[in-house]
Ligand SMILES: NC(=O)c1ccc[n+]([C@@H]2O[C@H](COP(=O)([O-])OP(=O)(O)OC[C@H]3O[C@@H](n4cnc5c(N)ncnc54)[C@H](O)[C@@H]3O)[C@@H](O)[C@H]2O)c1
Ligand SMILES: O=P(O)(O)OC[C@H](O)CO
């Protein structure tokens with residue numbers, strides 16, 4: 001069911017973390033009817049009474065057009081009244097959330113537009129979001145799914161800082177519809193029809209941001225970072241080509257744009273994990289105190305399995321995996337990366 005006003009959409013955002021809250025605020029601010037699902041009653045009360053999220057983006061006063069709902073998962077009756085569903089849930093939880101919504105039971109001719117903003121690869125299955133959606137909800141739901149990705153810190157968008165992102169889908173019409181929904185003077189959307197490339201780039205940049213953080217934590221400066229980011233881009237592209245992505249996607253906002261942002265800012269949770277590891281803190285302590293998801297940790301494990309499966313040359317990713325999952329030290333990682341054998345610089349980067 002569509003809303004009364006032609007341009008006004010009825011939007012449900014799941015869930016109330018940094019990015020979900022920020023996007024819900026953005027969409028509500030441009031006059032959509034926006035509902036945000038929260039898993040705790042005190043968060044619902046705080047949004048609806050004080051327009052504040054007590055757990056994330058605490059300094060921000062959210063749009064009064066935003067209504068918090070929950071804590072139960074919205075039922076199909078409510079979901080079927082929405083024009084758009086925005087999923088801002090960590091990748092490792094997306095399958096269980098999708099299964100609990102039963103979207104496969106909706107009338108396939110009246111499916112809402114779906115937009116996923118998570119950046120990761122499912123652990124255990126090593127699947128990208130599009131494949132998880134297909135398995136959890138069927139191919140019709142996967143066909144209307146879109147993926148918003150690019151250099152976009154919630155902390156900056158919520159302050160209305162200019163931001164540009166890619167919106168991708170297997171269908172150009174759906175990608176365009178989602179891009180139009182979000183597209184505003186300070187938030188520009190570019191359409192891309194390579195969802196595999198966009199998803200892989202978004203997931204992998206988190207792993208390389210951990211490497212860049214380690215380098216900073218160990219005291220290495222700009223030269224080292226520039227080299228690391230460049231070689232990371234080459235690795236990402238090589239992995240993408242092996243998994244049928246368009247290599248040019250890695251030169252887009254979703255590729256080098258997000259890689260550059262995340263590898264160079266302490267606002268990034270993934271960079272921060274690496275930086276603190278470089279400073280000698282334990283991973284367990286960092287994750288306990290981070291207060292928010294760092295997708296690169298789990299993705300390093302899935303991506304490592306993918307690289308092994310196709311026998312790809314991805315030494316930075318392999319060492320990040322060993323650092324996070326096999327007890328290699330940050331100094332070992334730095335040493336190993338400086339001792340890599342010489343190779344053809346552009347090897348494996350084109351299809
Ligand atoms: N924060 C950003 O700037 C940003 C920008 C772009 C993309 N992303 C991506 O968006 C996704 C979410 O990131 P975030 O920053 O909002 O994370 P966050 O840690 O701030 O919040 C995570 C949210 O997911 C919810 N959640 C966790 N497990 C859940 C489960 N099992 N069922 C339902 N809800 C669950 C939490 O309650 C919380 O609301 C990640 O994949 C991230 O990479 C984040
Ligand atoms: O804080 P991070 O490292 O999860 O990065 C957030 C966004 O993905 C940046 O585009």
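Placement of Cβ uses the backbone N, Cα and C atoms for every residue, glycine included.
Other C-beta atoms found within 10 angstroms of the C-beta of residue 205 (active site, proton acceptor) number 33, with every protein chain shown included. Annotated active site, proton acceptor per TrEMBL: 205, in sequence order.
Other Cβ atoms within 10 Å of the Cβ of residue 119 (substrate binding site), summed over all protein chains shown, number 29. According to DSSP, residue 119 (substrate binding site) is assigned to coil rather than to any helix or strand. Positions annotated as substrate binding site by TrEMBL: 119, 269, 270.
A C-beta separation below 8 Å, combined with a sequence spacing of at least six in one chain, links residue 269 (substrate binding site) to 290, 292, 293, 294. DSSP gives residue 269 (substrate binding site) a helix state. Among the features that TrEMBL reports, NAD(+) binding site is placed at 154, 269.
Annotation comment: TrEMBL describes 11-174 as domain 'Glycerol-3-phosphate dehydrogenase NAD-dependent N-terminal'.
On the 0 to 100 pLDDT scale, the model's mean across the domain 'Glycerol-3-phosphate dehydrogenase NAD-dependent C-terminal' (194-333) is 97. The domain 'Glycerol-3-phosphate dehydrogenase NAD-dependent C-terminal' annotation in TrEMBL covers 194-333.
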Residue 270 (substrate binding site) CB neighbourhood, other CB atoms within 10 A: 27
Sorted by sequence, non-119, 269, 270 residues with Cβ within 8 Å of centre, substrate: 206, 209, 262, 268, 293, 294, 295, 296
Recorded positions whose CB lies under 6 angstroms from ligand 2, from 154, 205, 270: 270
Most distant Cα pair in Å, residues 119, 269, 270 binding substrate: 13
Integer Å distance between the CA atoms belonging to residue 119 (substrate binding site) and residue 205 (active site, proton acceptor): 9
Among 154, 205, 269, the recorded positions whose C-beta sits under 6 Å from ligand 1: 154
Between residue 119 (substrate binding site) and residue 154 (NAD(+) binding site), the C-alpha gap once rounded to whole angstrom: 14
